[in-house]
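The block underneath contains the structure these notes are about, expressed in structure tokens.
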Amino acid sequence: MPSSTPPALFPTLYLASQSPRRQELLQQIGVRFELLLPRPDEDAEALEAELPGEAADAYVRRVTIAKAEAARARLVASGKPASPVLVADTTVTIDGAILGKPANADDALSMLTRLAGREHAVLTAVAVIDADGELLPPALSRSSVRFAPASRDAYARYVESGEPFGKAGAYAIQGRAAEFIERIDGSHSGIMGLPLFETAALLRAARVAF
């Protein structure tokens, strides 16, 4: 007679992200995790290079899967115990262009002035590789954000705060940039970098306890 014992749940997962926001969001829903970050010899930024003519949704999905596969290989090489691996990537798009992390202050100011008074899309893809090494179908969260008109000086002061650096589109919705945001339509957590509804569904499928 087949056993009716349910599969064991994993008490923790591996989070392959340095983002404090993603860590805070996982903690918000009670997920326990261990960081699984790139080694010094890994070129993590190379995974984020755009392909010619690549659409934003295809880009963010491809990058997320590539990061997940790299993280899984890192886990296997480390000899750590098997457990699901979570990866996410966020990008901002407007007029068909992908706005990643600004390279410098001028780049950040250029991005922000481009967003001023307009609506743009924020895409976050989430991928989970289960403890057996299988990639679950990635999830994609798409939200719209409208920036109110603001002066170039206002954006320049925001850039001087340092907050735009390391953020797709050169802003953080949970930070000082909130003063520029007129409205959003979609997932607030997705705009922050980890859509919790989609993430929770993937973690349940991977048998993560939370």
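Note: Cβ is positioned from N, Cα and C throughout, glycine not excepted.
Around Asp89 (active site, proton acceptor), the same-chain residues six or more apart in sequence whose CB sits under 8 Å from its CB are Glu48, Val60, Val63, Thr64, Lys67, Thr124, Ala125, listed in sequence order. DSSP assigns Asp89 (active site, proton acceptor) to a strand segment in the three-state reduction. For Asp89, the entry in Swiss-Prot reads active site, proton acceptor, with the evidence type sequence analysis.
As annotated by Swiss-Prot, site 'Important for substrate specificity' applies to Arg21 (among others), with the evidence given as sequence analysis. Classification of Arg21 (site 'Important for substrate specificity') by DSSP places it within a helix. Here Arg21 (site 'Important for substrate specificity') comes close to Ala172, Gln174, Met192, Gly193, Leu194: these same-chain residues lie at least six apart in sequence, with C-beta atoms under 8 angstroms from its C-beta.
Per Swiss-Prot, the feature site 'Important for substrate specificity' maps to Thr90 (among others); the stated evidence is sequence analysis. The Cβ neighbour count for Thr90 (site 'Important for substrate specificity'), using a 10 Å radius and every protein chain shown, is 27.
Residues or ranges marked as site 'Important for substrate specificity' in Swiss-Prot (evidence: sequence analysis): Gln174 (among others). For the recorded site, Gln174 (site 'Important for substrate specificity'), the DSSP three-state label reads coil.
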